[in-house]
């Protein structure tokens, strides 16, 4: 009689059982499709043959303030979150802090007009995202959504107030910079 340890037999038995179950449960790609999946696949192939995009494309929609503000709200939120993530990780890993970074930029001695443009590019999305977020909170409370005219008025108001506040911030920072130069 051959003396084989039971642990080996158990392992071999488990392996053969596993391989048998995998061998019988494999389904080919064509068999795995349900009728609705087949319909969807045929529909997509037909659309591709007609040279249509898979999903609706921005070029087929008429530009409207509502979806443009909503899109800019999402984009500005993602850009700000990404900036905070990359900046936070950068300042955590690199051997410099925010003050050193600002002093490095100031060392370039850029004219006020150039820094004003960059400050506006930074300030406008932050203010817009904040004000439009408040507007959307009002929409969540069902305030002003029943009248499309109100929706457009609030959208233009948010856009205009954001532009004015961002401009005021930039003008204030340039005035503070010129005062600091005069006192130095």
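The backbone N, Cα and C atoms fix where each Cβ goes, glycine too.
As annotated by Swiss-Prot, transmembrane segment applies to 65-94, 115-139, 148-169, with the evidence given as similarity to another entry. Marked as topological domain 'Mitochondrial intermembrane' by Swiss-Prot: 95-114. Annotation comment: Swiss-Prot describes 129 as heme binding site. Look at Swiss-Prot and you will find 140-147 tagged as topological domain 'Mitochondrial matrix', backed by similarity to another entry.
Around residue 129 (heme binding site), the same-chain residues at least 6 positions away in sequence with a Cβ under 8 Å from its Cβ are 73, 76, 77, 80.
DSSP states for the topological domain 'Mitochondrial matrix' (140-147), grouped as helix (H, G, I), strand (E, B) and coil, give 1 helix, 0 strand, 7 coil. Shown for the topological domain 'Mitochondrial intermembrane' (95-114): DSSP residue counts in helix, strand and coil, namely 12 helix, 0 strand, 8 coil. Sequence-distant contacts of the topological domain 'Mitochondrial matrix' (140-147) (same chain, six or more residues past either end, CB-CB distance under 8 Å): 154. Mapped onto three states, the DSSP output places residue 129 (heme binding site) in helix.
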